[in-house]
Amino acid sequence: MAPKKAKKRIEGANSNVFSMFEQAQIQEFKEAFTIMDQNRDGFIDKADLRDTFAALGRLNVKNEEIDEMIKEAPGPINFTVFLTMFGEKLKGADPEETILNAFKVFDPEGKGLKSAYIKEMLMTQEGRFSQEEIDQMFAAFPPDVSGNLDYKNLVHVITHGEEKD
């Protein structure tokens with residue numbers, strides 16, 4: 001009988017987390033989780049984070065930095081824990097700040113995100129964009145001379161509908 005109670009309590013905890021977001025948001029978080037779960041074992045671990053950073057062009061991430069990220073979780077990071085962590089961070093958050101923080105996870109030093117990687121991700125992940133949609137976005141937000149996307153301006157336009165002055 002004890003296992004049934006434990007199972008119900010766990011299911012209840014999960015449903016609270018899932019009720020914090022709309023279905024479309026949950027799907028977007030699932031896609032982000034899948035991208036980060038590089039070894040496809042259902043958990044995000046140190047190796048997954050290191051591989052994700054490498055895919056974004058950050059090859060020299062310190063072990064301490066990755067350890068700090070992992071320590072934010074109460075245990076192994078499965079999708080429910082991942083969603084809970086984002087839910088806690090997003091409570092009462094400003095939409096512009098929230099989106100910027102999502103980009104900053106992959107650009108903590110503020111050096112920029114390579115537009116080639118962004119293009120690839122937008123075209124290959126679930127809910128993918130067409131080549132025409134990608135071309136339109138990069139026509140409006142061309143990469144800088146280093147090939148980086150000005151995501152701060154992009155986020156401002158997404159949340160405010162106009163470019164920063």
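Yeah, the Cβs are placed from backbone N, Cα and C, and that goes for glycine too.
Here the structure is a predicted model, which means the values were calculated and not measured.
Around the Cβ of Asp41 (Ca(2+) binding site), the same chain contributes no residue under 8 angstroms that is 6 or more positions distant in sequence. If you look up Swiss-Prot, you'll see Asp37, Asn39, Asp41, Asp48 marked as Ca(2+) binding site.
In the predicted model, the domain 'EF-hand 1' (24-59) shows an average pLDDT of 90. According to Swiss-Prot, the feature domain 'EF-hand 1' maps to 24-59, an assignment based on sequence analysis.
According to Swiss-Prot, the domain 'EF-hand 2' annotation covers 94-128.
Annotation comment: Swiss-Prot describes 129-164 as domain 'EF-hand 3', evidence class sequence analysis.
The N,N,N-trimethylalanine feature in Swiss-Prot is assigned to Ala2.
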For the domain 'EF-hand 1' (24-59), the number of residues DSSP places in helix, strand and coil: 23 helix, 1 strand, 12 coil
Packing count at Asp37 (Ca(2+) binding site) (other Cβ atoms within 10 Å of its Cβ): 20
Most crowded position, judged by CB atoms within 10 A, among Asn39, Asp48 as binding-site residues: Asp48
Residues from the same chain, set at least six apart from the ends of the domain 'EF-hand 3' (129-164), whose C-beta lies under 8 A from its own: 95-96, 99-100, 103, 107, 111-116, 118-119, 122-123
